[in-house]
Amino acid sequence: MEDFVRQCFNPMIVELAEKAMKEYGEDPKIETNKFAAICTHLEVCFMYSDFHFIDERGESIIVESGDPNALLKHRFEIIEGRDRTMAWTVVNSICNTTGVEKPKFLPDLYDYKENRFIEIGVTRREVHIYYLEKANKVKSEKTHIHIFSFTGEEMATKADYTLDEESRARIKTRLFTIRQEMASRGLWDSFVSPREAKRQLKKDLKSQEQCAGLPTKVSHRTSPALKTLEPMWMDSNRTAALRASFLKCPKK
């Protein structure tokens, strides 16, 4: 699974996922299913934001290419992927500026058009079950919830899906592609089933013990695209960098 994650996702996303797991004392090399889930969630958050802007009249528009000097503001602020201190700094700044109620838990995005925080969910289970779990955790009608599944289903607060149909279809297609690529490598069942994942983990740990004495080569590359997660007022090229996040999984 770890090899699949590193091949399938943009290096920026992989680095952010590794950083997030290490912040909580988790090892991406051991908890590989969680590693894959975090990368998937990060990519969906970026895709949710990509190409969506607010023009000088305050209208929401979609721009895939055009004048980089146009008076456009990113519609969504990406909170997911930042370290907790910076994430709360951004949330507090948004609340102080807009007057929106501060959430109890860190959300994933902020929508400047609808003036609301958004919690994004990506589930391997039934969307309505995961939606209820999210709603029970958030416990706030002010935070909008939007759930996607790997089967193309989705569910959102008050059936308000925020994005246009084409943007949502792009996310669903990407999730379906990830599922197909996992299945073709024999990884999907363990990704979905905790019991199978536990069995696979024991197998991986045993394999690591056998290979402990072998030399390894490690890359310490740092992606310049990490700058795209600076606060919006510090960022000038976010859209171009985020487009690189939506790479297709390579063919086997």
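Every residue gets a Cβ built from N, Cα and C, even glycine.
Summarising the annotation, Swiss-Prot assigns active site to GLU80 (among others) and lists similarity to another entry as the type of evidence. For GLU80 (active site), the same-chain residues that are 6 or more apart in sequence and have a Cβ closer than 8 Å to its Cβ are HIS41, LEU42, CYS45, ALA87, LEU106, ASP108, LEU109, ILE120.
In the three-state DSSP assignment, the secondary structure recorded for ASP108 (active site) is coil. Summarising the annotation, Swiss-Prot assigns active site to ASP108 (among others) and lists similarity to another entry as the type of evidence.
The annotation site 'Important for efficient shutoff activity and nuclear localization' is assigned in Swiss-Prot to ARG195 (among others).
According to Swiss-Prot, the feature site 'Important for efficient shutoff activity and nuclear localization' maps to LYS198 (among others).
Look at Swiss-Prot and you will find ARG199 (among others) tagged as site 'Important for efficient shutoff activity and nuclear localization', backed by similarity to another entry.
Marked as site 'Important for efficient shutoff activity' by Swiss-Prot on the basis of similarity to another entry: LYS202 (among others).
The site 'Important for efficient shutoff activity' annotation in Swiss-Prot covers LYS203 (among others) and is backed by similarity to another entry.
The site 'Important for efficient shutoff activity' feature in Swiss-Prot is assigned to LYS206 (among others).
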